[in-house]
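Peer 1: Please see the structure below; I have some questions.
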């Protein structure tokens, strides 16, 4: 795993305060967890846990890089189709981008994670 992947993939070291969303299922060979650190209406940091194809991991890394520094309104406008086109996902993997979008939307709607 290169440095960009280490910064983009996996759960945060301390998830308290991060918003978390999930889409898909491991049983279906496609589960995506999205973690967002939201501060003052913008995304300070994002991470994805990807239990899917290499193409899905690549698309998740691109999405993290795109999300960081974006306002919530911009993040809400990102679509699976936009992710698929930006990352040149093959047709067979485009549903991975939709799963990334679903996880992102779930995280945007979630309250910050509490300690415990």
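Placement of Cβ uses the backbone N, Cα and C atoms for every residue, glycine included.
Where the annotation comes from TrEMBL, it is an automatic prediction and has not been curated.
Model, not experiment: these values are computed from the prediction.
For reference, TrEMBL lists these features for the protein:
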- 1-22: region 'Disordered' (REGION)
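Walk me through where these features lie, including what they touch and how far apart they are.
Peer 2: Note on the region 'Disordered' (1-22): residues 31-38, 45-50, 57, 60-61, 64-65, 102-115 of its chain, located 6 or more positions outside it, place their CB under 8 angstroms from a CB of the stretch.
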Peer 1: Report the DSSP secondary-structure composition of the region 'Disordered' (1-22) as helix, strand and coil residue counts.
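Peer 2: Reading the DSSP string over the region 'Disordered' (1-22) gives 6 helix, 5 strand, 11 coil.
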